[in-house]
Amino acid sequence: NQVLEMFDHAYSNYMEHAYPADELMPLTCRGRVRGQEPSRGDVDDALGKFSLTLIDTLDTLVVLNKTKEFEEAVKKVIKDVNLDNDIVVSVFETNIRVLGGLLGGHSVAIMLKEKGEYMQWYNGELLHMAKELGYKLLPAFNTTSGLPYPRVNLKFGVRHPEARTGTETDTCTACAGTLILEFAALSRFTGASIFEEYARKALDFIWEKRQRSSNLVGVTINIHTGDWVRKDSGVGAGIDSYYEYLLKAYVLLGDDSFLERFNTHYDAIMRYISQPPLLLDVHIHKPMLNARTWMDSLLAFFPGLQVLKGDIRPAIETHEMLYQVIKKHNFLPEAFTTDFRVHWAQHPLRPEFAESTYFLYKATGDPYYLEVGKTLIENLNKYARVPCGFAAMKDVRTGSHEDRMDSFFLAEMFKYLYLLFADKEDMIFDIEDYIFTTEAHLLPLWLSTTNQTISKKNTSTEYTELDDSNFDWSCPNTQILFPNDPMFAQSIREPLKNVVDKSCPRGISRAEESLGSGPKPPLRARDFMASNPEHLEILKKMGVSLIHLKDGRVQLVQHAVQAASSLDAEDGLRFMQEMIELSSQQQKEQQLPPRAVQIVSHPFFGRVVLTAGPAQFGMDLSKHKAGTRGFVATIKPYNGCSEITNPEAVKEKIALMQRGQCMFAEKARNIQKAGAIGGIVIDDNEGSSSDTAPLFQMAGDGKNTDDITIPMLFLFNKEGNIILDAIREYEAVEVLLSDKAKDRATIFKGKMIPNYIIDSNLEMENTDQKSSENDSHKPNSEEAPSEPQDAGAVSEEPEGGGESSAGGGPAPLSPASADSAGLPVPGGDPHTPAEAAALEPACAAGDSQPQEHSTQTEASSKAHWDSKVQPMESILADWNEDIEAFEMMEKDEL
């Protein structure tokens, strides 16, 4: 019931505020129309002015038993949607979301018509639209290899002078290998075999181009030559659904060759990529060599695929590891490191983890996975729910939002969560008669025997080298997987319970090595000591030379030809990569994390969270978990560079001031003297925004700043204007300054709050309240100590009478900007080969790691929001997307 209520909240807001636009912008309560909003790069290629969210949601409506709404939605799609737009779209996204959505809608429409109550008027209109769209995607396949171009113009195709596309040379493996289900279904439904033939040809080409010795595929491939452009391989972004579609193509179409290919790849994945509970990218030519030390969130689908394969143990292990990451950050960060630190902090409400949770529950029947699902629901309501829908997380560490609700949120998230909790009687049809596409659209299994135009005979003999046990010819019966041991899943999960909090593996000591037999393990970057002669000898063997620089730093350079053997050279390359990663990680650690400014007064009530830059002086908000809360007041003079002339307005309030004309520390001292309890400095560069600028830290003045005891935060111009606009509109505006956004229950504990904000259960247990209170009085020693501030931070010096940083705008805290300020850079330049001062291991052997102690009140409280309450568009309007994050992703080719 809660899932249904959440779906209604998201769907009704899309229909009311966004339709016929492609997607809803939930913070500003309007539709996202391509060309009318600032470009977000490749992400916008999913938008084609074809009411994307409605088409993507069609079969979700039927799964959730909303047949009347489904009938109305189908009529709207038939009447309103135009597929002949002069717009360039992603072939991959349009296939899985729009073509898949139309086919899924058609599949359930004919099922309902057959049942005799609904859709009696339906005459295959969605299928006709799907066929029209299929023909519009076909020009993308006009390549010698058969791999499709990544983009196509819906009106003009690819090569046409007006198409504005067709110059690309590369595509991702998943982009070319995630077509077979939709294209084959379109062929089977319509009898037009061309679609299935094109999709098969693309799959065949990727299979032929696999790396023969490792049986792995790369991330991106040249569509004309078939050369691998990115030679790293994993199960996350860029490859994920290629593997998924090989197995599901066998399930849907019954063609043995798809299963044989999947099993061959799966054997390689488990041999090289799977490092339980982790799944780490490797090089296709050197699969024993890790290609990176972080994982992306898209790999969360893989445990679900392993369930379909019948390999339950590693599925449970990886899923549990991901769940521990979620428990730490509330959501799965877009990317995180092998020691579970945030690598990319955003989370666009991806459904892959919910998908794997559903499959694992179906396989094991373990009620633990229902608890996992409940946690997902609570986190969505607590942290992502806003008056006009659900907003993506811009930063899981601070709880700040993006003005974005992707179509896959309605297409997949609610489908999997509903199915997780639904009993058979809650469904109006048998879900087992269908297979899910990668976008969770439903295709009926009876298609396997319909309009077969392609021979299924397999003449290949190159699979016989593999172990026969790897070739199960049918999906395992989930009813008999765990007949004797209901505790089986728990016994696998138990060792992983603390994997995130205790993520530092203890290095093997030299004494232990000497006692053991066999070769010593290769030297790891985190263990390296420049003063250890044994380590220097190992470096020499690996072809790595060590140079002492005049400034005290150490430079490492590898020459593979000087290594003792090819194996040693490989170890040397891995060591260098680890050292670069470690050096870069340590430089990141020198920076303070972002902070949050949360507007808690009417009508915001904590829903609006602004990303703020920290200060290297004043109260450390990470040590004061409650934060500082108060009403805001604008100071006079506004720059805060002299004695405050309106102290009565500032006393016991949080002072707002403008950047410029003096040091940050001077501003802080002036407002503290006037009685302010905190300060927010607003950037004076018109239009600056945390969406497009890197995090900005306020440095001290080079003197002792221990006298400053109030918290100080920095807001870019755009975010600062949101508070200033709120003051103009409401006069009394209350904010909370904290290390990360607090949920509404915490903010309003013990205070009056409108019942549409939070509906607290009056039967809250006293014991829970007491435990929460007790925990709040624990000494600070239980909290993770903050990092000591490093000299590499930028200190702003007055120049021409005001603050300055490189280029006149906020300076990103990179080693380069520290260097330009004339300060030593302990980490060195990240672009030179693994330079470091005295690179200490991230965790020394035997170190204990501080654990975060958080007490959650076990109250059965639910967040209920009144969909009629409108946010003030004048305040929230025109929020940009997180352009910087997407540019980063583009650079990494995620």
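Including glycine, each Cβ sits where the backbone N, Cα and C put it.
The active site, proton donor annotation in TrEMBL covers GLU93 (among others). Residue density at GLU93 (active site, proton donor): 23 other Cβ atoms are found within 10 A of its Cβ, drawing on all protein chains shown.
Look at TrEMBL and you will find ASP240 (among others) tagged as active site.
Annotation comment: TrEMBL describes GLU334 (among others) as active site, proton donor. Of all Cβ atoms in the protein chains displayed, 23 besides its own lie within 10 Å of the Cβ of GLU334 (active site, proton donor).
The active site annotation in TrEMBL covers GLU352 (among others). Within the same chain, residues at least 6 positions away in sequence whose Cβ sits under 8 Å from that of GLU352 (active site) are SER297, LEU298, LEU299, ALA300, PHE301, GLY304.
Residues or ranges marked as Ca(2+) binding site by TrEMBL: THR438.
What TrEMBL lists as compositional bias 'Basic and acidic residues' is 767-781.
According to TrEMBL, the compositional bias 'Gly residues' annotation covers 801-810.
For 833-845, the entry in TrEMBL reads compositional bias 'Low complexity'.
Feature annotation from TrEMBL assigns compositional bias 'Polar residues' to 848-860.
According to TrEMBL, the domain 'PA' annotation covers 635-722. Helix, strand and coil counts under DSSP for the domain 'PA' (635-722) come to 20 helix, 15 strand, 53 coil.
The region 'Disordered' feature in TrEMBL is assigned to 766-869.
Note: the Cα of ASP240 (active site) and the Cα of GLU334 (active site, proton donor) are spaced 15 Å from each other. Cα separation, GLU334 (active site, proton donor) to THR438 (Ca(2+) binding site), rounded: 18 Å.
Its own atom aside, the Cβ of ASP240 (active site) has 25 Cβ atoms within 10 angstroms in the protein chains shown. Here the Cβ of THR438 (Ca(2+) binding site) has 25 other Cβ atoms within 10 Å, regardless of which shown protein chain they belong to. Mean pLDDT, taken over the domain 'PA' (635-722), works out to 90 on the 0 to 100 scale. Of the recorded residues, THR438 (Ca(2+) binding site) and GLU93 (active site, proton donor) place their C-alpha atoms 11 Å from one another.
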